[in-house]
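Visitor: Please see the structure below; I have some questions.
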Amino acid sequence: MKPYTYQHRVSQLDDMDDHSVLSKSKMHGFYYYAHMLGIYYLLELIYFNQLGTILANSPTIQAVKRDGILMIIWAIYSFTYPYTVYFSHLYGKKMLLILFISLPFVIFPWFTIKYQLGFIPGAFVGAMACIGFMKEVSYIKHCKKPIGLWEFFIYMITPALVFYHDYPKTKKIRLIYCFAKLFNIAYFDILGAVIIAKHIEPSIVGTSDQILQTILLLFPLTAFWIVLFFLTFENILNLLAEITYFGDREFYHDWWNATTFEEFNAKWNTVVYAFLHTHVYLQLQEWKVPRVWSKVLTFAFSAMLHEIILIAALRQFTPFMTFIMLLQVPVMMALRFLKNKRIGLIYFWFSLLHGVPIIVSYYVLV
C-alpha cells in the first residue's frame, strides 16, 4: 500500500463551493432548512433574554471563559514550540529531536493540572499537543530538503498531518468564502455552547441513574456531535485550507453511510487517518508486522491519542474510552458480513447513538 497522497478535492458538505456533493445534490435544501432552524432557535433565546442567562449558569461554558486566555497562550505556544524540532532537524541533532518531540507530553499535563483547566480547555490543550506531535513526526520523516521559517509556519497551520514539499494549491483566497466560514464558526460555537448548557448539563446533573442518564443524553449529545463535526471539519479546517491555499479539502468521506465501524474509522476523519495510515500502519508493514496486527496496533495508537486528550480534559486516567475503542477490533472482524448492507447501516447508527451517551455517562459517574 502507498502513503496517503493529497490531490485537488472539495469538502463534500461545503455549502460555499458549487462543486461539492452538497451543492450538486437535490437534497441540499434540507441543509439550509436545518441551518435556519438553528439560527432561529438562537434568535428566539436572544429575543427572550435567555441566551446570556443560560450560558452564564453553565459551569462548562464559564470554565471556557475563565481559561480563555490560557487557551490563547497554549495556541501561540503550539505554533512556536515546533521550531525547536525544526532547528534540531535542520542541524541534525537527533537527541534533541527526540527530546523536543516528547517534551510536550510532559508539559501539557503539568499545564492542565497547574491551572486546573476545565473540560473543554483541557481537551483543547491535549488535542493541540497531539496535532503538534503528529505534524512534527511527519515533518522529520518526509522533509528531504530544508524549508524556510515561513514555509514551516504555513505547514503548521495547514490542515494536513502528513508533510509533503508540494501540496495541491489553490490560486487565490476567496474573501467572501472566509467571511462565511467565520460566521459559521461563530454560529456553531454558540449553538454548541447552548446545547451543552441547556440540554447536556441538566441531563447529567438531573439523575445519577446511568440508564436514565444515557436516554436523556442521547438526543443532545448526538446534536452536539453533529455541530462539532460541522464546526471542525466543515468550517475551521476549510478556513485554514483557504488561507494557506491548501487544495485538498476532503477532510472526511461519507461516514454517515458507513455500514461497519471499520468503514467509519476510515471515513470519519481523513486528516488523522492520513497520518495513521502513512506513519503507523505502513511503518509496521515495513517492519514485517502481519497485516492484521498492523491494523490492531494502528487502532491502539489512535486509542492512545484519544486517551491522552481525555486525560488532559478530565485530569485523571480512566481508560474506559481506550477499552471501548479496542473492543471494536474483534467486533469489526466479527461483523464484516454487514458491510454494504442496510442492516449494517442501522447497526452503525444504533451503536453510535447509544455508544456516545454510555461513554459520557460512565465518565460522569466515575
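Glycine is no exception: its Cβ is also placed from the backbone N, Cα and C atoms.
So TrEMBL lists these for the protein:
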type     : residues : note
TRANSMEM : 30-48    : transmembrane segment
TRANSMEM : 68-88    : transmembrane segment
TRANSMEM : 95-113   : transmembrane segment
TRANSMEM : 149-167  : transmembrane segment
TRANSMEM : 173-196  : transmembrane segment
TRANSMEM : 217-246  : transmembrane segment
TRANSMEM : 296-314  : transmembrane segment
TRANSMEM : 320-338  : transmembrane segment
TRANSMEM : 345-365  : transmembrane segment
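A description of the local structural setting of each listed feature is requested, covering burial, neighbours and distances.
Guide: Through the fold, the transmembrane segment (30-48) approaches residues 13, 15, 22, 54, 187, 190-191, 194 of its own chain, all at least 6 residues removed from its boundaries and within a Cβ separation under 8 Å.
Away from its own ends, the transmembrane segment (173-196) comes close to residues 16, 38-39, 41-42, 45, 51, 54-55, 58, 60-61, 64, 220, 223-224, 227-228, 230-231, 234-236, 238-239, 242-243, 245 of its chain (Cβ-Cβ under 8 Å, at least six residues beyond either end).
Residues 11, 13-14, 154, 157-160, 167-171, 173-174, 177-178, 181-182, 184-185, 188-189, 191-192, 195-196, 199-200, 203-204, 252, 269, 271, 353-354, 356-357, 360-361 of the same chain, all 6+ positions outside the transmembrane segment (217-246), place their C-beta atoms under 8 angstroms from a C-beta of that stretch.
If you look at the transmembrane segment (296-314), the same-chain residues 6 or more away from its ends with a CB under 8 A from one of its CBs are 105, 108-109, 112, 117, 119-120, 122-123, 125-127, 129-130, 265, 272, 276-277, 280-281, 284, 289, 321-322, 325-326, 328-329, 363.
Beyond the transmembrane segment (320-338), the same-chain residues lying 6 or more positions past its ends with a Cβ under 8 Å from any Cβ of the stretch are 259-262, 265, 295-296, 299-300, 302-304, 306-307, 310, 344, 347, 355, 359, 362-363, 366.
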Visitor: Before we move on, state whether the transmembrane segment (68-88) and the transmembrane segment (345-365) share at least 3 Cβ pairs under 8 Å, counting only pairs 6 or more apart in sequence.
Guide: no
